[in-house]
Amino acid sequence: MHLQRLKEELERDIARIAEFKPVVHHITNYVAMNDSANITIAIGASPIMSFAHGEIDELVSIASSLLINIGTLDEYIIQAVMLAVKSAKSKGVPVLLDPVGSGATKLRTSTALSVAEEGVDVIKGNQGEILSLLRKEGVVRGVDSKVTAEAADVKEVARKFGLVVVATGKEDLISDGRSVYVMRNGTEMLGRITASGCMLGSVIASFMAVQKDFLLASLEGLACYNVAGELAAEKSSGTASFRSNLIDEISKITAEKVIERLNLERVV
C-alpha cells in the first residue's frame, strides 16, 4: 500500500471517528476493561462494556463495531460472545476477535475456533495465538507467546477463515489472505504492561467502525497504536507513566506523526 494513500485514508478516518464517535461494543476481559474503554475514548470512539445476555442484541444494534476478547472466560461469557457474534453477523456489524491465550488451554482454543468459524472480520492476536488457529503447536504461556509466525502462516489463517489477521510480535504481520505486510514499529514497553494487546484491539475496532476495508482499518489502527507507543516511551520514566502517556499519545495522534515514523513493507 502506497504511503500517500495510507496517509490520506488515515487522515479521513481519524476525522470520521472524531466526528461520529462510533459505538464500539466490547465483550472483553476484566483485567483490560478500564484500559480498553479509555483507549477507545482517546481515539475518539464511544465504548460500551457489557456482556449481559438480555441486552446484547439491543447493544449490537446501536454499535458500529463489536470487539470480542476471550481473556477471562467462563460459560456465561462464552454464551454472551456467541450471542453477540450471531447478532452482529445478522446486522452487518463488523467483528474483531482477540483470541487471548488460544493455544494455552483447550477451552480457549476451542472457543476461539468457534467464534472464528461463526464469522468475524478481523482476528488480532500474538503470533502463538494465531498459529493455534491452524492447530499448530507452539509455546503459549497464558497470554504470552514464544512462537514466531511466518508470513505464510498468517496468510493461511486469513484464507482459512476469510478475514484479516493481525499477528503481533517483534515484527507485526498483517494479511487479508492475499497480501501480507510486516510492520516494524512499536516499543518493548508495550510488553511490560497488562492489556497492551487488548488496547490495540480497541483501537483497530474503532477504525473498523468507519473503514469497511478491514485490511486498511487494521493497518491504520496498528500503525497509530505502535507509533503512539514509541512516542509515549520517549517521555516515560517507567511502566506506570508509560501507560498514561500511551493513552495521551493516542488522543493526540495524527496521520503526519504516523507516516513520519511508519516502517511498513509488503512482503507477499
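Heads up, the Cβ atoms here are built off N, Cα and C, so glycines get one too.
In the three-state DSSP scheme, MET49 (substrate binding site) falls into the strand class. The substrate binding site annotation in Swiss-Prot covers MET49, ALA195.
Here Swiss-Prot flags LYS124, THR168 as ATP binding site, drawing on sequence analysis. DSSP assigns THR168 (ATP binding site) to a strand segment in the three-state reduction.
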Densest Cβ neighbourhood among MET49, ALA195 (binding-site residues), 10 Å radius:
ALA195
Using a Cβ cut-off under 8 Å and a sequence separation of 6 or more, which residues in the same chain sit near THR168 (ATP binding site)?
LYS124, GLY125, ASN126, GLN127, GLY197, LEU200
When you measure from the Cβ of LYS124 (ATP binding site), how many other Cβ atoms are you left with inside 10 Å?
30
